[in-house]
Amino acid sequence: MSTNHIQPLLDLLYQGKSLSREQAFEIFSALIRGEMSEATMAGMLVALKMRGETIDEISGAADAMRAAAKTFPYSNGDSLGNGIVDIVGTGGDGFNTINISTTAAFVAAAAGAKVAKHGNRSVSSKSGSSDLLAQFGIDLTMSPDTASRCLDALNLCFLFAPHYHGGVKHAGPVRQALKTRTLFNVLGPLINPARPEFMLLGVYSPELVLPIAKVLKALGTKRAMVVHGSGLDEVALHGNTQVAELKDGDIIEYQLTPADLGVPLAQISELEGGEPAQNALITEAILRGRGTDAHANAVAINAGCALYVCGIADSVKTGTLLALSTIQSGKAFELLSQLAKVSSETKE
């Protein structure tokens, strides 16, 4: 295992210097190919973390991951209301909430958005998006062709990250041994193989909101909201949400309150989640229109922002209202049942 070809780049990092986007692409491509020892990988990730990753470094790492990913066979639309949207969080916010973004994906799709949700197993709670979906019998290992058919037929598909990004396995032992956040903690939402034009992306720290919006711009995302909601990696029902919105090539920063979204404030304790089986019951109740007000509102404000970002709603408030009416209709639960059926019809 030789890293001679990237040693000059490693030396730059060890000197506290920044890498260009192209250099970051080269060094992370080597990692993905399994050409880097665990010791070298740990040194690289810690060097980046201690200095603080730049926009170019995050973008280059995402470029490498995207280039190496299994292809998702889908032709994206390129206009508002037509392209693909993802509702995703970095995880790692430390709160054990219900599966808000995953549940919101069903609501947004039932309201007319084309949602390709890129997810993994739990990071910040007892139940990640993939843990939850497995409870409903949704086949996480569905082939890319099957996922594409789901997106065509149902406006929704889930792309299980390890199924598309096999090279990440090389970093697993190092990430576990380091026991600290690294660049990989923000890469997941940036490497959706469907290449969504529109994104609602939650981050675990308010310091990441603007930088990640800049990364999305560098990666060619058309329109996005990057959010941190009073400790959560999603739009908050219990306090203010910090937003960096990417629109028409510009990034504007502002804050949202629950009142701005047309819903009352709730306590974070009202959103506490549990194990996958318990969270599945909560998600089912929400999607059937039988959830608590706090649960329904938390999901609706996130689905509503996604509907705004992808152009179906003209404001976050009207998006939230559309999401709430979709929840009450029960359409989102019908969609869940259909996805479970279609996703399991064809095995790879």
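Cβ coordinates are placed from backbone N, Cα and C, and glycine is handled just like the others.
Annotation source Swiss-Prot lists anthranilate 1 binding site at Gly89, Asn120.
Secondary structure at Ser101 (5-phospho-alpha-D-ribose 1-diphosphate binding site), taken from DSSP and collapsed to helix, strand or coil, is helix. Taking the Cβ of Ser101 (5-phospho-alpha-D-ribose 1-diphosphate binding site) as reference, residues of its chain lying under 8 Å away and at least six apart in sequence are, in sequence order, Ile87, Val88, Gly89, Lys117, Ser129, Leu200, Gly202, Glu234, Asn302. Look at Swiss-Prot and you will find Gly89, 92-93, Thr97, 99-102, 117-125, Ser129 tagged as 5-phospho-alpha-D-ribose 1-diphosphate binding site.
Swiss-Prot lists Ser101, Glu234 with the feature Mg(2+) 1 binding site, giving sequence analysis as the kind of evidence.
According to Swiss-Prot, the feature anthranilate 2 binding site maps to Arg175. The DSSP secondary structure for Arg175 (anthranilate 2 binding site) is helix. Listed in sequence order, Leu45, Thr182, Phe184 are the same-chain residues at least 6 apart in sequence whose CB falls under 8 Å from the CB of Arg175 (anthranilate 2 binding site).
Residues or ranges marked as Mg(2+) 2 binding site in Swiss-Prot: Asp233, Glu234. Look at Glu234 (Mg(2+) 1 binding site): DSSP puts it in coil. When other Cβ atoms within 10 Å of the Cβ of Glu234 (Mg(2+) 1 binding site) are tallied across all protein chains shown, the result is 28.
Counting other Cβ atoms within 10 Å of each Cβ, the binding-site residues Thr97, Asn120 show the lowest value at Asn120. All chains included, 24 other C-beta atoms sit within 10 angstroms of the C-beta of His118 (5-phospho-alpha-D-ribose 1-diphosphate binding site). Of all Cβ atoms in the shown protein chains, 28 besides its own fall within 10 Å of the Cβ of Gly89 (anthranilate 1 binding site). Every protein chain considered, the tally of other Cβ atoms within 10 Å of the Cβ of Asp233 (Mg(2+) 2 binding site) stands at 28.
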